[in-house]
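Since the structure comes first, as structure tokens, the remarks are kept for the end.
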Amino acid sequence: MIRIGQGFDVHRFAGKGEGFRLGGVAVPYHKRLEAHSDGDVLLHAITDGLLGACGMGDIGRHFPDDDPRWRDADSIGLLASTLRLAAEAGWVPVNVDGTVIAQAPKLAPYIGAMRQATADAMELSPGAVNVKATTSERLGFTGRGEGIAAMAVVLVESAPGRG
């Protein structure tokens, strides 16, 4: 059996900083992202999509932003925890397609590293992970440079021998 899930996340820029994490990669920028965890919107969207595909709710249910355990949490760790939950329920990821929406900074130089970091974290081949970046043509909060959004689609299948 196969299932598909979609995920979404957004974080606002908050003051000066040295950059942020995106897809498990450090992206230099003159602003930082406001977040309870490390604020990696792409990995949060992927985690949310994985939970959805497995019928396990959403990222906020598993890692609530008012829980001090998740303060400054590494999003790769959150994804790893979610992958364990999925495996325990009999699901394995097959592929991921993520889109980051940001007016700035330009993300093209980091896409390859994001694909590789995500593939490594999910134990997938890089060919099973796609990451795209786009702008919103200066419309909305991302277009005004107030934050970054990401969405992801995750395909899972029943683990061998489970269905």
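Along the chain as shown, residues are numbered 1 onward.
Here the Cβ of each residue, glycine as well, is placed from N, Cα and C on the backbone.
Feature annotation from Swiss-Prot assigns divalent metal cation binding site to D9, H11, H44; the stated evidence is sequence analysis. Within 10 Å of the Cβ of D9 (divalent metal cation binding site) there are 24 other Cβ atoms, across all protein chains.
Per Swiss-Prot, 4-CDP-2-C-methyl-D-erythritol 2-phosphate binding site is recorded for 9-11, 36-37, 58-60, 63-67, 134-137, F141, R144. T135 (site 'Transition state stabilizer') carries neither a helix nor a strand DSSP state and counts as coil. Within the same chain, residues at least 6 positions away in sequence whose Cβ sits under 8 Å from that of T135 (site 'Transition state stabilizer') are I101, A102, Q103, T142, G143.
Residues annotated as site 'Transition state stabilizer' in Swiss-Prot: H36 (among others). Long-range Cβ contacts of H36 (4-CDP-2-C-methyl-D-erythritol 2-phosphate binding site) within its own chain (separation 6+, distance under 8 Å): D65, D66, W70, R71, D72, A73.
Annotation comment: Swiss-Prot describes T135 (among others) as site 'Transition state stabilizer'.
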Per-residue Cβ crowding (10 Å cut-off), top of binding-site residues H44, R144: H44
Near-site residues: divalent metal cation, ref D9, H11, H44, CB cutoff 8 A to centroid: V10, A35, G39, D40, V41, L42, A45, I148, A149, A150
For R144 (4-CDP-2-C-methyl-D-erythritol 2-phosphate binding site), the one of D9, H11, H44 that lies nearest, given that the binding-site residues are compared by Cα: H11
